[in-house]
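Taking it in order: structure first as structure tokens, then the write-up.
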């Protein structure tokens, strides 16, 4: 002991030599650069390179589309129509087939899935390299063919995949706990989301804020600088490649900047009520868009589309893209909706600092003839107001339908363009009625482009429930003079929409039945009045000290869907001691009786399986399929202790197996009736607990902040029930219409602990079946 104390004193900071001091700090400095700077920079650089490569491929395909169409149309009009419709149909169908063959996880936006992953659930293969490949190739085919969707959702997904792959690549560096830290993985995923948005709009600051808003309920401020550094690196690489690698003509089409040239006094105080009205209209339309999109998605999964197409989503996608091609054909219906032009081209028209409508005043404010021709049709006889109204109407339903297809789709850009179209229409009408401005001659003019910018931000905020769009708008337009009207309309639209409908991302999460709690809408008194005692489940399986091995085995067989059980003192007092995982109980039973194939026992288990089984739903389910399907993996807190006992448990199981095979039946029966010993089991002594009077508002906040999936309800230490994520999701399922309501209890098959009660129940059930037959 004296030698150990002397050795410790030699290694103390006071006795540390200069060379040891320098080596230690050099190692700390190396870790600092590798951990915090290198990974963030690599994330930004790699994502920017993938982003600009994807953009270049999309632009080449769009240029090829126009070239083939114009060439065929010069030869014959029908040939032009065939090329226009066939190009988009073939490209989108190939994209859907590629997703089906390589990675079905690449379908959709990706933001809802990333949102679920960042709240504690792992979706299988959603962050894999195969998904990244499928996302890039299918996105190029989808957008290059002219399909009316955006790219910000897929880019967010791509940034998250790059962040996950970088994290996996550094996990081999086990010398530092940083690389194997679960919290660090979430930080990298958050940075990946921000980089994806930054590469879409060339907006580093707005990308960080939007990435936080769209994927995180709670965000650690200490991680801000990593996200900003990653987006800054992405923006630098993006600009460098545009300047020195991409041709000037191509760079002009790829860049996301929509520069405006409004004067400093771009609006007057009298226009603020108009911005408020515009925000309210955008809020109502945004809520309606979410509702319509959900109806289309439900029709695809359970409605008329399901009856017609069945499990053939690629066929539905091909027919939908063919319909899109017919609607946007420039010499057909597309003549009335500017169908020949992409979202980027129409957005440039909407934010332009001129007027498209005719007026009897100074012609210098008129837009160029080329811009006006976009909205007067091929013949030039259409009124721009009619064209814009039809554009908004058609694309409102077309985009709501197209984002449900079996393709990588984004909703941000289409929403931005539709909001700009609505704002531009309102601005043109105001300018028509006030040709010299609201204050008359000598006062500031009306700028329809300003209303387009305000409408774009307000409508997109209403659809996504995000306020960071104000920053993105300022970065993309390059001006701050529109910030105040943008904020006013954006907050009004967000308030109206959030009161009526969830965001588009949370709506998708609800439709796909992901284990995720949506945000509570404002001003819902039911969440403050309803207590957890009305929601909790009281019919439980549990483990107690005097439980026999026979009862334990029967309980495990009767509850195959449950991954963990509460541990109580006895059946009378029911005082909660802790919780134990199902696999720990199976190991305990196998050590005594040998492996039981009916319990799905595995002698070799991976560390991830231990983490999956620790904290889960602790209740009796009446539905064969549990909420978390086979693609979900839930994480627990006591899995580390289970991992430590892995080898000992497996060896005891093998020894028990050899022993049981040679055991007489009489001895086996006596062994089954002996009480279990929980000394070797891994028990979580501090499970999360609530009291019966806790309001659902507090429960929602706790589950969201701590990423819980269940909590025990106790009364003076006595276990009285459990509330899980499923009960909360059922309670909040119709909160926008009916408020928070307790889930309807289904008639459950009650399984008693004693054999006599079980036999009695089975006899009653048999009699009921005979009477029914």
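Quick reminder: no glycine exception, Cβ is built from N, Cα and C everywhere.
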Among ranges 188-212, 338-362, 513-537, whichever one TrEMBL labels transmembrane segment: 188-212
Annotated transmembrane segment segment (source TrEMBL; candidates 132-154, 155-177, 247-269, 385-407): 385-407
From 4-28, 79-103, the residue range that TrEMBL assigns the feature transmembrane segment: 79-103
Which range of 416-438, 554-576 is transmembrane segment, per TrEMBL: 416-438
For the transmembrane segment (272-292), sequence-distant contacts whose Cβ falls under 8 Å of one of its Cβ atoms, 6 or more beyond its ends: 396-397, 400, 415, 419, 422-423, 426, 430, 451, 454-455, 458-459, 461-463, 485, 488-497, 500-504, 507
Intrachain neighbours beyond the transmembrane segment (79-103), with Cβ under 8 angstroms and 6 or more residues off its ends: 61, 65, 68-70, 72-73, 125, 128, 130-131, 133-135, 137-139, 141-142, 144-147, 313-314, 317-318, 321-322, 324-326, 328-332, 405-408
Tertiary contacts of the transmembrane segment (37-58), as residues 6+ beyond its ends and Cβ separation under 8 Å: 136, 139-140, 143-144, 151, 155, 158-159, 162-163, 166, 170, 188, 191-192, 195-196, 198-200, 226-227, 229-238, 241-242, 245-246, 250, 254
